[in-house]
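Undergrad: If you scroll down you'll find the structure; I have some questions about it.
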Ligand SMILES: Nc1ncnc2c1ncn2[C@@H]1O[C@H](COP(=O)(O)OP(=O)(O)OP(=O)(O)O)[C@@H](O)[C@H]1O
Ligand SMILES: [Zn+2]
């Protein structure tokens with residue numbers, strides 16, 4: 001057998017000659033060349049996909065090399081897409097890989113561009129880009145395989161307009177937040193102190209001169225303790241002096257750091273202690289003292305030697321350990337603090353993750369093991385020194401012209417500062433400390449990437465992609481990789497689209513136009529044809545017209561900042577007919593100047609009548625990966641240990657922004673209402689559209 005034949009023999013045997021030949025001509029777009037993307041590129045090249053476009057906006061970072069195996073050290077700072085394409089192309093001489101170093105959200109990647117592909121594979125790491133690709137695939141009617149991994153968990157979801165749920169059919173959970181008072185006055189866990197330090201203190205000291213009273217107003221309205229709020233207000237106002245000191249050359253060194261320390265770890269805590277009621281049911285914090293920490297005589301709890309002291313041994317010596325840790329161990333009082341011999345590890349932390357409070361890492365047997373610098377437990381004095389050093393560095397950056405500094409996990413100065421400040425606060429509140437490594441992980445919301453998870457998920461993506469290309473729609477499954485060694489995979493049959501979805505239930509159309517010449521009115525009237533319904537028109541969240549207000553119809557699309565890659569959304573005023581989403585593309589170069597400056601789709605879009613949401617809420621979707629649920633449904637694992645779960649009716653999705661707007665629009669007096677709310681409306685074609693002219697109805 002020739003080498004070329006031998007190379008494809010196995011793939012051909014597995015796929016069958018028909019699919020094998022089809023793949024050679026298949027055009028696939030792979031978005032993302034990171035952890036999943038590298039694995040997936042290798043897979044699709046070896047499977048025999050013939051035309052691959054690989055797009056990624058990023059360059060290679062040293063930290064990518066442990067799992068993004070198409071990259072080498074010499075490639076650091078080069079384009080991910082270009083290097084991945086170069087490395088993977090020789091895996092199959094018949095493949096054509098077109099790398100693009102760019103952002104998938106750029107306007108040139110419009111509906112027409114997406115339509116050139118037979119299938120799109122997402123290997124992205126953020127919701128925003130995923131949602132964008134989902135929408136473009138729905139608009140272009142191109143099948144998409146969506147995927148993601150988090151530590152040991154992973155998911156693959158095939159998506160096809162009108163057949164399956166889209167990525168946006170199910171609302172995504174919002175990130176966890178903490179009540180403002182927990183963060184600002186009564187923390188009880190390390191994460192509370194970390195959030196305080198990175199989201200509040202860094203901003204107050206090094207950020208824009210922002211008034212942080214908004215969230216306090218809100219807390220007050222929600223009935224929080226008025227005295228506590230008043231104290232927190234005073235505390236925030238008193239930042240002025242320290243902000244000034246940090247920005248003053250000469251005073252901005254260690255003295256300024258000491259000033260900050262005295263304010264936040266001593267004076268502010270003393271002020272909170274005045275509210276004795278607050279500390280009846282919880283342990284009061286201990287004001288820290290700069291000088292005695294430096295000279296080694298400071299004691300966190302003079303009285304009982306309570307557990308937290310074990311983690312903040314003064315001078316790096318586990319002075320408190322003898323009385324503190326042991327007592328904590330014996331008392332077993334259920335506090336969040338752990339024994340002096342082992343700090344609880346919240347997430348997977350490799351190598352010498354446990355520490356014994358004296359700055360030396362210990363392994364599982366309690367034997368001393370040399371800790372990496374970042375994984376070393378810091379004593380109270382270590383933290384104070386780190387606080388002074390990092391505050392001084394940040395202050396000098398401000399003095400050298402940086403206007404404001406925000407937390408960034410990859411900015412060593414801010415990470416050092418957040419590590420030290422959160423540990424000092426933890427010490428004051430009797431909460432265990434965290435290593436710099438752990439703080440980076442928690443503050444940066446880092447979930448360790450696991451190469452094996454990416455490899456498994458990338459294999460599953462190819463299987464789902466093959467089902468889509470074969471049009472074996474009954475074979476499609478959502479697949480979950482779960483942290484259950486006995487049943488690592490579960491598959492779920494696909495649910496139909498959510499009828500209330502604001503993305504995949506829209507009727508999409510594409511208009512090729514010259515936005516410099518085409519007016520809003522001409523395009524909208526062209527799309528609507530002889531359909532005389534009352535409509536409103538939006539671009540994203542901006543209202544461009546409604547039935548009582550069509551002033552913008554005269555304006556060119558460009559003057560309204562509605563250009564290539566954007567969508568005009570045409571919403572039925574009565575809410576009875578589906579929404580039309582018109583994607584804007586460019587005119588072909590040979591389009592005659594004498595013709596209208598746009599080409600309408602043919603046939604014109606005919607959105608369906610809307611299905612009214614059911615009055616009675618449907619039962620909630622089950623925990624999809626839950627084994628318990630699978631068992632309760634009496635489902636059997638198949639021969640591969642895979643459990644299959646039938647989809648159940650889903651809960652009505654919260655109306656999308658657009659639908660919320662729709663309700664608003666029912667009233668013809670919306671324009672007046674918006675103006676009453678202080679929102680600005682554009683009055684005539686001569687108006688220049690400024691950013692502030694946009695009417696933002698709801699922020700996402
Ligand atoms: N809008 C976008 N357009 C193009 N590529 C994107 C876009 N958003 C994210 N990506 C790419 O998706 C990839 C996701 O891969 P991955 O999750 O492994 O992230 P990473 O940045 O390589 O790793 P880590 O975040 O763990 O350091 C990245 O290479 C990233 O550049
Ligand atoms: Zn949807």
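Cβ coordinates are placed from backbone N, Cα and C, and glycine is handled just like the others.
Where the annotation comes from TrEMBL, it is an automatic prediction and has not been curated.
OK, TrEMBL features for this one:
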BINDING   32-37, 56, 64-67, 80, 125-130  ATP binding site
BINDING   166, 169, 501, 504  Zn(2+) binding site
COMPBIAS  689-700  compositional bias 'Acidic residues'
DOMAIN    187-440  domain 'Ubiquitin-activating enzyme SCCH'
REGION    597-700  region 'Disordered'
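So that I understand the layout, could you describe where these features sit and how close they are to other parts?
TA: The number of other Cβ atoms within 10 Å of the Cβ belonging to residue 66 (ATP binding site), over all protein chains shown, comes to 10. In the three-state DSSP classification, residue 66 (ATP binding site) falls within coil.
For residue 504 (Zn(2+) binding site), applying a Cβ distance below 8 Å and a minimum sequence separation of six or more within one chain yields 138, 161, 162, 165, 166, 168, 169, 497, 498.
Predicted-model confidence for the domain 'Ubiquitin-activating enzyme SCCH' (187-440) is 74, expressed as mean pLDDT.
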Undergrad: When the number of other CB atoms within 10 A of each residue's CB is tallied over all shown chains, which of the binding-site residues 56, 125, 128 has the maximum?
TA: 56
Undergrad: When you measure from the Cβ of residue 32 (ATP binding site), which residues in the chain that are at least 6 apart have a Cβ under 8 Å away?
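TA: In sequence order, the residues whose Cβ lies under 8 Å from that of residue 32 (ATP binding site) (at least 6 apart) are 55, 56, 122, 123, 124, 125.
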Undergrad: With the Cβ under 6 Å from ligand 2 as the test, give me the qualifying entries from the binding-site residues 56, 128, 166, 169, 501, 504.
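TA: By the Cβ criterion, which requires under 6 Å to ligand 2, the hits are 166, 169, 501, 504.
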Undergrad: Where residue 35 (ATP binding site) and residue 501 (Zn(2+) binding site) are concerned, what is their Cα separation in Å, rounded?
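TA: Taking the Cα atoms only, residue 35 (ATP binding site) lies 30 Å from residue 501 (Zn(2+) binding site).
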Undergrad: I want the residues beyond 166, 169, 501, 504 whose C-beta is within 8 angstroms of the mean position of the Zn(2+) site's C-beta atoms, in chain order.
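TA: Neighbours found: 134, 138, 165, 167, 168, 497, 498, 503, 505.
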Undergrad: Would you mind checking how many other C-beta atoms are within 10 angstroms of the C-beta on residue 169 (Zn(2+) binding site)?
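TA: Other Cβ atoms within 10 Å of residue 169 (Zn(2+) binding site): 22.
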Undergrad: Quick one: Cα separation, residue 501 (Zn(2+) binding site) versus residue 128 (ATP binding site), in Å?
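TA: Here the two Cα atoms lie 17 Å apart.
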Undergrad: So which one is it: of the binding-site residues 166, 501, which has the fewest other Cβ atoms within 10 Å?
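TA: Looking at the binding-site residues 166, 501, the Cβ with the fewest others within 10 Å is that of 501.
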